């Protein structure tokens, strides 16, 4: 494999049942892509392939060409709302049940389906275009989807960043296969007879089992392969090139197998509307039965029941679905056009109102809350501290310290007893920071200088640093900025360049790497110029406090720096004589040869050195937050939204970021859930946690798994009471599991935010998924319902657009239902007065026109209404809480039920002995009342609202000329008609006006003071 070859990104398969998990379709076994099996991959011999492998392409589409129409229709008719209208329209083919022209039932239903199909088609086409764009990319640097064969580095190793896979920000060391790294050129890989045996695909991203075999060697070579030889998809090689063999593709990739499949999301509001539809249908059945009962069930009463069901069918408004779907399109358009959140995309236009009812927000850390850029912020020497604004002073002191050779070459052992000058203290601290790490400088060609020349002359422009932790890279970059540069390193030596250009050579005698248990790392080096042996150590303050010599400032200053959101490391040193080191080395080697309790014996020997060490300095490094993360989290918290941080990063890093971002406030206690592995340990720790109140929780993924296995209900109950929760070392699957448990246990809506491939499962599982377009790609953005460019845009997306979308949807549905109840009530009154006859009051175009051109524009214009300005909604996020206290959808609509009765009885009292006059008076009053009620409800007028009102009125007046079949044109021009209609309209609107006045007088909404 070489660079610049077209490698297509990860395929995101669609959600399937577990029984189809092993294939792309139920017939995948026939295609040779059934069970996941181990495989043998020959280098350069594709003809020896034993099985077919899946294509390596992205596919985020919900449908294909054949399933689109059936699946869309099924998704529509599986809900009672649309199924009811389908049955209603079909019933008109039965002669005994027909009440009017077929078009009065089929045209509205066809319009609903046409709009839905068009919307789904547009989204599918957009999704196809996005996928095609990603699948057509040419990768300039090989992110290998397989095993590491050889690299461009001299020793064969390379560093890898896996934050898009597991959320960890550390650089990870990867090793090549030894026998292939020794080959002269990459082309020789295809000349040898060799193959890789690999285990079957699985979801474990931290382990791998395989072997590499070279058959043409003498003797044949067999090497074991482990996780250290792998480069998974969705990871990034730090520098150089890697040549590998592809083992897994498509749905068999670790990143895909850790990604839950996309699902068709249905908003809670839609489910409530569907439930309300069932209630209205129940009312429809009751009214029909009452009408037939009042006829004493005479004759073919069962047909009369069906006719009344059809006659009062307007109780369930078919236009509700059309209005809501069109409203969602408008809300989505408004989000995309908002100049204050540029770049925001709506990828799922079916759930914008969900953004207005979020109770839990689950966010990733790396790349979402933070920029994943470590910056050195503070150097503290006890009596003096240097911040970013005084680094030029540190640089001057370092230069002076190295320029004065007496400080370097003439130090006596007794010098530590004498009070050191500030120059020597800064000099020692910077030198210690430049030595105690596992950073390796790597040189790359830059177009002017080739790699070999750059490495020989230590070219600054060609050098990049690689390490297992970005913290360490930031420390080494800082020492370079103040004059002491790490220019070379291998397994046994290290080279530093001083500000004067001198190269200092150090021999690495021992390295004690950082572990989660020890929380510190150390190194023993020998200065080649003086022969001095020094033991340097850095670590967390909690462990270093008992290792360094007694002082009275360490604990206080560590606390101060931690409160500023800095990651604090304590740096110390200890000078060793040759005899002391030789004694230590003998004991250390002996401990490593032990068969029993090796780890304990090695730790004991190392601890013998870790006593009375000289405290040199404290360092403070900050993982820079994204812009305005703190105020955004504050807005969400004031809005009543609980924020959980789910990250794959280390516990210390996650806790520090949570404090820095003010996710955990300064006055909040933190309970760090200790590591548990058994049911008993989990029980004891949960009891300890239960005794704490108003306390933020920090828990690791391993402990979380144990708790959910044995005490799922108890743990979720306690966690949901916490003001903030931080879950670290989480796998992508665990993130999705937490979202699912929150939905099940609380019944509240969740929103998941992330930027990487490891967040896709969480985003797709949540009720609302928001992807942040980060530097590491668009995996999360493409899989999300909404896409933003920065985390801070989330505040406006929820507080303004989410709140407005929900309130407008509620108002729109209330008026549509009210409109239907009015005409149904008038039909009921009419049938009652005329001896319960199953005769339609309004027929033909009057029925269709009532819910379309006569009232549609004013009612739909409610999608432009708003109770407060967007600036006020952002300034007072407490308004967001009120959305959870709103009355049921049916409450307001049913309170308008008296309107239809007033109009009908008024028309009956005032009609002039002709039936046609009843229709003219009542229908005109009905239209005018609807327009007037919308006007009384609007809180902020928009010019389109006025146009809608006038346009609807003009359409009705103009259509009167063509409605002579139903309305007497001469009668409507008389004074009698005008005064009767005016009286009926005013009286029918009176209850709403009185209700509105009383509500504002005695129970004003929370926003009324802000708008006055």
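Easy rule for this one: first residue shown is 1, then count along the chain.
Note that Cβ sites are derived from N, Cα and C of the backbone, with glycine treated the same way.
Positions annotated as ATP binding site by TrEMBL: 364, 365, 366, 472, 514, 538, 567, 647, 648, 649, 729, 735, 758, 759. Summarising the annotation, TrEMBL assigns domain 'P-type ATPase N-terminal' to 45-105. The annotation domain 'P-type ATPase C-terminal' is assigned in TrEMBL to 782-1004. Residues or ranges marked as transmembrane segment by TrEMBL: 65-87, 99-118, 271-295, 301-324, 816-836, 842-865, 886-909, 915-936, 943-963, 969-995.
Mean pLDDT, taken over the domain 'P-type ATPase C-terminal' (782-1004), works out to 80 on the 0 to 100 scale. Spatially, the transmembrane segment (915-936) is adjacent to the transmembrane segment (969-995); three or more Cβ-Cβ distances between them are under 8 Å for residues at least 6 apart in sequence. Remark: secondary structure over the domain 'P-type ATPase N-terminal' (45-105) totals 31 helix, 0 strand, 30 coil, with classes taken from DSSP. For the ATP site listed in the record, the two most distant Cα atoms among 364, 365, 366, 472, 514, 538, 567, 647, 648, 649, 729, 735, 758, 759 lie 33 Å apart. Taking every listed stretch (65-87, 816-836, 842-865, 943-963) in turn, the largest tally of C-beta pairs under 8 A with the transmembrane segment (301-324) is reached by 816-836. Using a 10 Å radius centred on the Cβ of residue 366 (ATP binding site) and all shown protein chains, the other Cβ atoms total 28. Away from its own ends, the transmembrane segment (842-865) comes close to residues 99-101, 103-104, 107-108, 314, 317-319, 323, 326-327, 330-331, 808, 811-812, 815-816, 819-820, 823, 827, 919, 923, 926-927, 930-931, 934-935, 937-940, 942, 944-945, 947-949, 951-952, 955-956, 959, 963, 965-966 of its chain (Cβ-Cβ under 8 Å, at least six residues beyond either end). For residue 729 (ATP binding site), other Cβ atoms within 10 Å of its Cβ number 21. Between the listed binding-site residues, namely 364, 514, 648, 758, the fewest other CB atoms within 10 angstroms of a CB are found at 514.
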